[in-house]
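> Annotated oxalate binding site per TrEMBL: Asn106, His111, Glu116, in sequence order. The Mn(2+) binding site feature in TrEMBL is assigned to His109, His111, Glu116, His156. Positions annotated as disulfide bond by TrEMBL: Cys29-Cys46. TrEMBL lists 60-210 with the feature domain 'Cupin type-1'. Residues annotated as signal peptide in TrEMBL: 1-19.
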Amino acid sequence: MMKVVIVAILALATTLVSAYDPSPLQDFCVAINNTDSAVFVNGKFCKDPTLVTANDFFFSGLNIPGNTAANKVGSNVTLVNVDKLPGLNTLGISLARLDFAPYGLNPPHTHPRGTELLVVIEGTLLVGFVTSNPNKLFTKVLNVGDVFVFPIGLIHFQFNIGQSNAVAFAGLSSQNPGVITIANAVFGSNPPINPNVLAKAFQLDKNVVEYLQKQF
């Protein structure tokens, strides 16, 4: 009986560990795309440590505002993850700059692999997240210097409620947190979800669903 319990605990521990970015077993593992002189770690090949330079841990450009006019929601996210900063590999962290036009929105979305910690640098944001069932909303108005945390995997949003631009920075607890924008995923999947499914799920007329699918 004791052996069964031990095996069950070990299996649970293994599952929990694999659900997050693994802890590094070396000082760093700079990611590269080819296999020359490399070791495979955490989904990326490690650059030969003797070939690593300071530039592997460097990214420039977060001082540049994102283009908030490039989409209908009036926001732009500049993500610095392991694909843009190779030195992040195995370190379990990434960073993003969020720019908002007046009344711009970072629409409801989730990060399946990371918790987000956001700080407002400019403007005023209405933010919030929704828990798993029974779907309680936690929401707050943030001003400059305010910080808010969005737990891993939960649907959340940021909305600029001011008449001027807003800027925020966010740290995420994964080198590649991923993002699922809810409206895009539901109404803009490829191939599209059967309209009858969405009509029943959202209690909408099928024609409304088909109209919404055309927007994405």
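One is the number of the first residue shown, and numbering goes on along the chain from there.
Including glycine, each Cβ sits where the backbone N, Cα and C put it.
It should be emphasised that the depicted structure is a prediction, and the values quoted were computed from it without experimental measurement.
Tell me about the setting of these features in this model.
The number of other Cβ atoms within 10 Å of the Cβ belonging to Glu116 (oxalate binding site), over all protein chains shown, comes to 24.
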> Among the binding-site residues His109, His111, which residue has the fewest other Cβ atoms within 10 Å of its own Cβ?
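Result for the binding-site residues His109, His111: minimum number of other Cβ atoms within 10 Å at His109.
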> Rounded to the nearest angstrom, how far is the Cα of His156 (Mn(2+) binding site) from the Cα of Glu116 (oxalate binding site)?
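Distance between the two Cα atoms comes out at 10 Å.
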> Express the distance between the Cα positions of Cys46 (disulfide bond) and His111 (oxalate binding site) as a whole number of Å.
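One finds 25 Å between the Cα atoms of these residues.
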